[in-house]
Amino acid sequence: MANITKRVSWSSLCEDRAPGEGTALLDDTPGARRCRRQEETLKQPNEIPHNEKLLSLKYESLDYDNIENQLFLEEEGQMSPMGFKCVEISRWVICGLIGFLTGLIACFIDIVVEIVAAYKYKIVKRYIDQFVVEGGLCASVILWAILNSAFVMAGSLVVAIFEPIAAGSGIPQIKCYLNGVKIPRVVRLKTLVVKVFGVICSVVGGLAVGKEGPMIHSGAVVAAGVSQGRSTSLKKDLKIFEYFRRDTEKRDFVSAGAAAGVSAAFGAPVGGVLFSLEEGASFWNQMLTWRIFFASMISTFTLNFFRSIYNGNPGELANPGLINFGQFESGAYKLYEIPIFICMGAVGGVLGAGFNALNYWLTIFRIRYIHRSYLQVIEAILAAAATATVSYILMYCSDDCQTPGEHQAVEYPLQLFCPDGQHNSIATVFFNTPERSVRNLFHNFPGSYNSLTLFLFTFTYFFLACWTYGLTVSAGVFIPSLLLGAAWGRLIGNLLTNSGVSIFADPGKYALMGAAAQLGGIVRMTLSLTVIMVEATGNVTYGLPIMLVLMTSKIVGDYFAEGLYDIHIKLQSVPFLGWEAPATSHSFTAREVMSSPVMCFNRTEKVGTIVDVLSNTSAKHNGFPIVSDFTTNEPGRICGLILRSQLIVLLKHKVFVERAQLKQRKLLLKDFRDAYPRFPPIQSIHVSQDERECTMDLTEFMNPTPYTVPQETSLPRVFKLFRALGLRHLVVVDNENRVVGLVTRKDLARYHLGKHGLEELQLAQT
Amino acid sequence: MRKKERRNKGGIKLSITPLAAQSSAMVSLHLVPRLIALLLLLPGRIRSSSPVFNSLLSDLQGDPELEERCRDLLRDFGRRYESYVKCAVPSARPVRICENCHIQFEMLRVVYNNISSDQADPENCRDSLLRADRLMLVYMLFQNLEDVWDVAHCSRGYHGLSNITLRYMAKLNQSLSCFESQKNNHSELCRVCRADYKDLNEFYSIMEKNQTLCIDIEDSMNATRRLWSKDFNCSFPREETVPVIAVSSFMLFLPIIFYLSSFLHSEQKKRRLIHPKRAKSNNSLMNIQDKHS
């Protein structure tokens, strides 16, 4: 009955509001006459610190639902069967291009990071070696810290100044996009450029980050760009693929791009497809899946091919992903090891939940206090310096020396105080790019690391990685999680090996399971992550244990805290729709959920009215039901729905009834596509006083068959419609088909199941 | 990595049974001791158990397949094999196999090449000696030795005694004689011999980079380094702990100051709440319900 009490408190909340203060209008304008009802405008103490229980106004839905207006029907009628085939073929071409370009970008990032990082490590190594002999080691700490900070500063500056949306891994943003939320600027070319540059800087800068997450974002941007056949930023229109210039098609391609990104990052084409499936599954069909798989395959192949050229043996396709876990030579696992793996999964869940909780508090602090861009840059610089320092201290204090084996070249061996011919063991994980470190932990032979080293590494890296995620740099959390998990996994492996029972031979295997557990505990992905891990290992035999590990870590982790991406989506106040409506919400009906009254238009509407409604800044509505035969206090019958973007295009082209004879040609669907996706704001459209008196006939342009529900529809039913059809507006009608309200994404997303039953999120300006 | 593969390949050839082929990694690990056992056993058996050997020979003589020419080759192979193994085993520790035995190995290689290149007529020795049976003993024996030779990188350093190797030897001897002269006073040794040792070490690093190292050099250098670092304890001591700790803690202190100051001085970001319009009748309806309940 928790929801009932909540409902009561909600209604009483409305009662508490002081009436009569004229702010926070939604559609309370002179133009809002038809559907308007007696309602006081309400105000509350309305400034609160940022928290997770908010929904931001700046996010809108994608128009996934096709608008079947007359223009659309006409255009479709004109298309020949051949035309449809061409469209289908161009879909395939686009998917191929997406894969190719994504692979190319991955390759570019990889090679640049490799070259620059090698250069950096060589310099630092030279100085450390020199200072060990001559004294003055603290100078080498400072040198290392300054080098790192310089790189990170470059990356962070670019991100903070040019494109803040490029910060972080980008996976939460892409998740939202696939969920149907339009995140501003997330799939622009500029974002891609900033992202690529930022990722190179932050990886080279030695932060506890990886370049895999950003690859997914990059793939999505590539997809969104390629499928449109033009770039608005570069003002270049190739006049191709015009058919795909709408949200429906674009979003399908973006899911292909995300898949291609995963595929390039991990060499996991199937994992990529499943990632898209897991994150954007509500809109899915078999042909799309097949195309996405094609894009993924092309992407991993491209990366592989260009890397083989770079490595000097073209055609030897041995590096399918940015990270490659390498083959495990020891072969399979034993049956008695499975319980150990499951326990490791639980450990991963607990550690992951701890990581997420810590990061949650840190992120709240960042949003509240570190919101100026110069502060963000300083924070990133300090983190880079601290990372270098901590690594240095650990290396300095470590007594763990190893002799390099015959088959494992250590890339930048640091001797420090080790005997000649040996190198510092902890330096092989800290003094290296994180990908290499992961591989070292997986594959270096038993005894390469002593347990104390691994413990210290795990301990410090946990905090470093947690601190680093959420800085204003482009960087992912995949690799740090893997590295962290590999470290404590190997620690467990070491302990088992040293326990004197000879059956536990290979600590590398435990490192793999630990990595899976830790990653699963942090990001809580299930199906796709299992496949990604299996593919990156190249060993299907490990499928079952990895799956068990991920299952356990998710169950255990979910008990304590949410997944990292979900936390960040919440903290961004995104109206994200989960898989299903929150439990115990059946008693809510559309009537309580909807926004009301609704701003409606006539079939033929005065231009002045439309302009006034559209330019109302306090209520930026996007969908307007078209009604007929209304009276002043009765809502009208619904006969269609029109979008703000359509109205703006109509106004721009001045499609007025009175000017019909002056117009040269009829407006086509192409005109709407050309304006997509950046429709001009209403303020930029000039409407003269004369024109205000004109009228517009909207019949031709509106969607004549919008989805409607009766008032008594329950919340879960409405939710299902939204989730399954990708709706943006759902009109609520009474039994005479009169418009009484409008349900949008934010109306639904505000309900969520909290600790005290059903809670309601508040709308806020961010 | 590539080297390892090659070794694995050898391993598979060594044991033809499918089980062993499956776990080729294991085979490659076991290969070395097995080989050594072979090396040790074989020459001994030829001499000590000659009656058995003779009876076998008589069998062979009855074998119409084997021509006299091939038998000669086989005997030759056996002799050279023996002399190589006799040389190699004593050179196992400290490793001097490349230096001591490269002549013997060359001779062995020549006779093997003779066998394997003998393919003139249909009854050639290559087929009858190398490929006639499942075991392919001659082939296997030689292959294993060749693998050892490859793994040891002997062909790198002792392709004749190259100039670089000779210079290395000179430097090594210089360092060792310095060690010898200062044997009694370790701290003095570290000071006096540092220049020599450093020279040697740097030269070795260059060789390491150019990949001109064979196992002999590697081993001698390892031994010298062990002497230097472990026995004489001349490694660099951890002297600068205090300044390093000071600098580090300063660096780690900065973020704390940063967060504190931004907590205290930066204004907190506030969000303005928006109150959307809901159906009014609904509220009043519910209020009625509330009142009733």
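Yeah, the Cβs are placed from backbone N, Cα and C, and that goes for glycine too.
Transmembrane segment is the annotation TrEMBL gives to one range among A:150-172, A:288-310, and that range is A:288-310.
Taking pairs at least six residues apart, the transmembrane segment (A:374-395) and the transmembrane segment (A:131-147) share three or more Cβ pairs below 8 Å and count as touching. Secondary structure of the domain 'CBS' (A:702-760) per DSSP (helix as H, G, I; strand as E, B; remaining residues coil): 16 helix, 25 strand, 18 coil.
Under 8 Å from some Cβ of the transmembrane segment (A:288-310) lie the Cβ atoms of residues 91-92, 95-96, 98-100, 102-104, 106-107, 110-111, 219, 223, 252, 255-257, 259-264, 267-270, 272-273, 276-277, 316-322, all in the same chain and six or more residues away from its ends. As a whole-number mean, the pLDDT of the domain 'CBS' (A:702-760) in this prediction is 89. Residues 328, 331-333, 337-338, 341-342, 344-346, 348-350, 352-354, 356-357, 360, 512-513, 516-518, 520-522, 524-526, 529-530, 533-534, 567 of the same chain, all 6+ positions outside the transmembrane segment (A:540-561), place their C-beta atoms under 8 angstroms from a C-beta of that stretch.
Distant neighbours of the transmembrane segment (A:338-362): 52, 462-463, 465-467, 469-470, 481, 484-485, 488-489, 492, 496, 510, 513-514, 516-522, 524, 544-545, 548-564, 567, 571; these residues of the same chain sit at least 6 beyond its ends, with a Cβ under 8 Å from one of its Cβ atoms.
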